[in-house]
Amino acid sequence: MSGLNAFQLLNGLTFAALLFIVASGFTLIFGLLRIVNLAHGALYLLGGYLGYAAASATGSFLVGVLAAMAGVAVCGLILDRGLLRFVRGYELRQVLLTLGVAFVLNDMTLVIFGGDTYTVPTPDFLKGAVRFWGLFYPKYRLFVLALGVVVFIALWVLLNKTRLGALIRAGVDDPEIIAAMGINIRKVFLLTFMLGAALAGLGGAVGGAFLTLYPSADSEILVFSLAVVIIGGRGSLVGAAVGALIVGMLNTIGQVMFPEFAYFVIFGPMAAILAFRPLGLFGKAA
Amino acid sequence: MLEVADLHSYYGDAHVLHGASLEVKTGEVVALLGRNGMGKTTLIRSIMGLTPPDVREGSVRWKGQELRGVPSHEIAKRGIAIVPQGRRLFPSLTVTEHLTVLKKASATHGWTVAKAFEFFPRLAERRNNRGNQLSGGERQMLAVARALMIDPELILMDEPSEGLAPVMVQHLEGIILQLKQAGLGILLVEQNLYSALAVADRAYILETGRVVHQALASDIAEDPSTLTKFLGVH
C-alpha cells in the first residue's frame, strides 16, 4: 500500500473536472427534466468518436470539440423529439428506451470505428508538461481542470442569472402554469435536453484525449455520472460539482491505495451517504 | 369577447361539465358562482386549454375564433391570462423573476416590471424574496402581477380570495375594480359570494356542470332567495 502524492491528487482533481462536465449534462436531463437518460454514457462515447474523427480530419482540436458538441446535441434532438416524447412521464419506459438507444449507438460506433482504442489528438500548445511545486504535470490535464471550472461558472450563470435559466426553473417548478403564461415550455425543455447532450459530447471529446476511447467506455462514464448525481442530489449544480470531486478523489484514492477495492471505495461511501441523505447531499424533494 | 357554448368536459370517465355556457364582454367583470365540485375550476381550465379535463363537446370562442384544440401557451398569447387556484407561484423564482421570466426587464410596452411594482408596492419591497417566502396576500398580488405581464385582455381568476384575511379580500376587490377601469375583462370564480358580487357586473351560477341562473350581480345581491335556492346561503 502506497500513500498519495501531489501528482495523484491532481489526477483525482482533473478526473473530477471531466466527471463534472459529463455529469452536469446528466443532472440537467435527469435532475431537472426528470428524464432517466441511460444513453448519456453512449452520448459521451459518440462525442468522443465524433471529436476524434473531426479533429483528425481537420487537424484542429477546437473543431473536434465543436463537432462533438453539435453532433451529440443533434443526436439529443432526435432522441427527444423522435423517441422520448412518446414515453413522457413514464420513468420505467424511459429507462428501457434509453438503454436500448445506448446499445444501438454502441453497436453503430463499433461498426464504424471497430474495437480499436483511439485518442483524440490534442493541439501542440497543450502537449507536454508544466513544472510547478517541484513536479511535472501534463498541461492537457490542467486544461481539463480549468475547463471544468469554466463549465461550472457558465452553467451557474445560465441557470441563475439569465431569462432562459429562469424559464427552465419555472418550467421545472410548474410546467402547466408556465405554459398557461404563454411560454412554449416544450421548446425550453428540448433546448435544455440538447444542452445536456452537448455537455456529454464535450466530455467525450475532451475525455477522449486522455482516457482514450474504446467500446465499453460509455458504461463506465455512465456509472460514474450516476454516482456523481446521486451523491450530489439530482438537479443541483453545486451537488454535481461536489459529487464529482468526491467520486474523482475516491476513484484515485481507491486505485492508488486499495486497487483491489477501487469500486468499493466509490460505491461504499455512496451507499452510506444515501442511507442518511436519500436525496443526496444537495438534493431537495420534488 | 369570450363565448363559451354548450361545453362538455370530462375527467377520465367523469362527466363534469354538462353543456356549460357563458359570455364575457369586453371590459366586463363576470362572477362564476357555485358550490364546491360544481365544475367552476373545470370550466376555467377548459377555457385555458389545460388538460385534464378533456373537452369533448361545445365551443370556446375568443374574438370569434375557436380556442378548442389550441395549446394553452397560444391561448395566453392571444390575450387570456390565468390567476390559478392556489396561486401556483414558482418556488425557485424570486418576485422579480416571476415577472421578468414572462417579459424582458427592458420592455417598455404594456405592463412592465416597473409598472407592476408601482401597482403593487408591497411586491417591490419583496422583490428579491422567493415566492414561498411571501405572505398569503403578497402571493395573491404576485399571481395577479404575473398574469398582467402578458398584457391580457381577459383574466381568469380562480378563487383569488381563498385563504386571505378580510382586509386583504377588500384590498383585492379594489385591485379588481382598478383593473376593470383599465379596460380588462375578468372572469371571477369565487366561493366568497359577497366579495364577488361587490365587484362583478353580472354573475352566473353553476350547478352540477350547468349554468342554472344568470343575472346582474346587483340583482342577485338584493334578492337573497336566489342565494338560498342555488347556493344554500341563508
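Note that Cβ sites are derived from N, Cα and C of the backbone, with glycine treated the same way.
These figures come from a predicted structure and were not determined experimentally.
Panel annotation: around the transmembrane segment (A:12-33), residues 40, 44, 141-142, 144-149, 151-152, 155, 168, 172, 189, 192-193, 195-200, 202-204, 206-207, 211, 221, 224-226, 228-229, 232-237, 239-241, 243-245, 247-249, 251-253 of the same chain, lying at least six beyond its termini, place a Cβ under 8 Å from a Cβ of the stretch. According to TrEMBL, the feature transmembrane segment maps to A:12-33 (among others).
Residues or ranges marked as transmembrane segment by TrEMBL: A:61-83 (among others).
Residues 35-43, 45-46, 48-49, 51-52, 55, 61, 64, 75, 79, 83-84, 87, 205-206, 208-210, 212-215, 218, 222 of the same chain sit 6 or more residues outside the transmembrane segment (A:95-120) yet have a Cβ under 8 Å from a Cβ within it. Per TrEMBL, transmembrane segment is recorded for A:95-120 (among others).
Residues annotated as transmembrane segment in TrEMBL: A:140-159 (among others). Residues of the same chain lying 6 or more positions beyond the ends of the transmembrane segment (A:140-159) and with a Cβ under 8 Å from any Cβ of it are 10-11, 13-14, 16-18, 20-21, 24, 122, 126-127, 130, 165, 168-169, 199, 202, 206-207, 209-210, 237, 241, 244.
Beyond the transmembrane segment (A:188-215), the same-chain residues lying 6 or more positions past its ends with a Cβ under 8 Å from any Cβ of the stretch are 18, 21-22, 24-29, 32-33, 35, 37, 40-41, 43-52, 55, 61, 64-65, 67-77, 79-81, 106, 109-110, 113, 115-122, 138, 140-141, 144, 147, 151, 164, 167-168, 171, 175, 221. Feature annotation from TrEMBL assigns transmembrane segment to A:188-215 (among others).
Taken from TrEMBL, the feature transmembrane segment applies to A:221-249 (among others). Listed by sequence, the residues of this chain that lie at least six past the ends of the transmembrane segment (A:221-249) yet keep a Cβ under 8 A from its Cβ atoms are 9, 12-20, 22-24, 26-27, 30-32, 38, 40-42, 44-45, 102, 148, 152, 155-156, 159, 172, 203, 207, 266-267, 269-270, 273-274, 277, 279-284.
Below 8 angstroms of C-beta separation, residues 224, 227, 229-234, 236, 239, 243, 246-247, 250-251, 253-255 of the same chain, each at least six residues beyond the ends of the transmembrane segment (A:261-280), sit close to that stretch. TrEMBL lists A:261-280 (among others) with the feature transmembrane segment.
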